[in-house]
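Chemist: Okay, here's the structure, questions in a sec.
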């Protein structure tokens, strides 16, 4: 094999690591799993790392920035009815840019935080009066994932009807599971309802309840809780509205009401290395299901065509990804020449081409999710800097390239007899994770950390 063929082979093998345009950047994402790096200017210059959330991290979530609010309020997502909860937006901003650490409670590192919005209707809540019921569809949680922490967050406003006895005896809040088939409800929390000077979110730890629900072999897909208020002596019930609780937004069903609904925040740890491509496939399945034509293709042909149009857009993006990954080798000769006439230069200019190309180093690679057609389900970031490795690995190899012994021997043989062995390849030697906030196939907002997303250093292998 001559030097030109060897270089072309290396470039083909590494095409997923060194794409040339926005669509080819999907090869990098497919090989790893993405996470966000949000910057106020939208430049995507840096990576984002996630910290496993402890109680302090959840409480420290900041108010979402203007760009996040505009994106949340828009209709650019795959499902226009999904309004990202402010808490999840704030959580992303709070955790972005921090290195992953162990969870504060000693449970270990978590890599996924999912926000499940309350799905209880006003009628179901009225049936629980004087309490309030909450219903969450947790079926999208993978059985292979370990639930590390679960927290129920309920909005409590300043009470319009202050309890006159609150100065002496504080009423109590009782949180329990919904009655099971035998009519048994399990009390989870009992605590005093402190007086409020303004609105705030009441947080309840429901980790044990969620874990028990998942262990039950015939568990419902819905996780149900009931919040009640009683007098200090727990002898008689109180209306939750007197303490500032109640149906969000007056039951108008608007965007404000959706953002004020109760939220079940579950932190989990995956047992296997996650790939972003798994989520992409789930998104594609959800898109196909949403775009299925009606049984009667009569007058509805127009709407079917519109649905297929959206479906075609996603297919085009994914097809472009596959095409870029596959054609990267075909363009590898010419693409490799971008560094100085390498792969496509042919055998005649072999020596000159090698001298003209730069040594193995890290190069810029900007990933724009809009170009990939993923901006309808990815909330943040809209873009990020992934970097890629490019250049020649010639003898003698520099120590900062951290070559393996095999790469050293192979490079030495190649320098002595190019036809005996190809040159070693410039590849990522060290990668770091980033995080991504997105809407999953079940329309839940998920904060997830993906490994091996940003090239930190390049080496010869």
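Positions of Cβ are set from backbone N, Cα and C atoms, glycine also.
Here the structure is a predicted model, which means the values were calculated and not measured.
Summarising the annotation, Swiss-Prot assigns compositional bias 'Gly residues' to 323-350. According to Swiss-Prot, the compositional bias 'Basic residues' annotation covers 351-360. Per Swiss-Prot, the feature disulfide bond maps to 360-426, 389-458, 393-460; the stated evidence is similarity to another entry. Annotation comment: Swiss-Prot describes 79 as N-linked glycosylation site, evidence class sequence analysis. Summarising the annotation, Swiss-Prot assigns region 'Disordered' to 287-360. Annotation source Swiss-Prot lists signal peptide at 1-19, citing sequence analysis.
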Chemist: Once near-sequence residues are set aside, which residues in the chain of residue 458 (disulfide bond), 6 or more away, have Cβ atoms under 8 Å from its Cβ?
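Modeler: The list for residue 458 (disulfide bond) reads 360, 361, 362, 389, 391, 401, 426, 427, 428, 429, given in order along the sequence.
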Chemist: Across all chains shown, how many C-beta atoms besides its own are within 10 angstroms of the C-beta of residue 360 (disulfide bond)?
Modeler: 25
Chemist: Please list residues from the chain of residue 460 (disulfide bond) whose Cβ is under 8 angstroms from its Cβ, counting only those at least six apart in sequence.
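Modeler: Those within reach of residue 460 (disulfide bond), by Cβ under 8 Å and sequence separation of 6 or more, are 360, 393, 397, 401, 403, 407, 411, 424, 425, 426, 427.
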Chemist: Would you identify the secondary structure of residue 426 (disulfide bond) according to DSSP, in three states?
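Modeler: In the DSSP reduction, residue 426 (disulfide bond) maps to strand.
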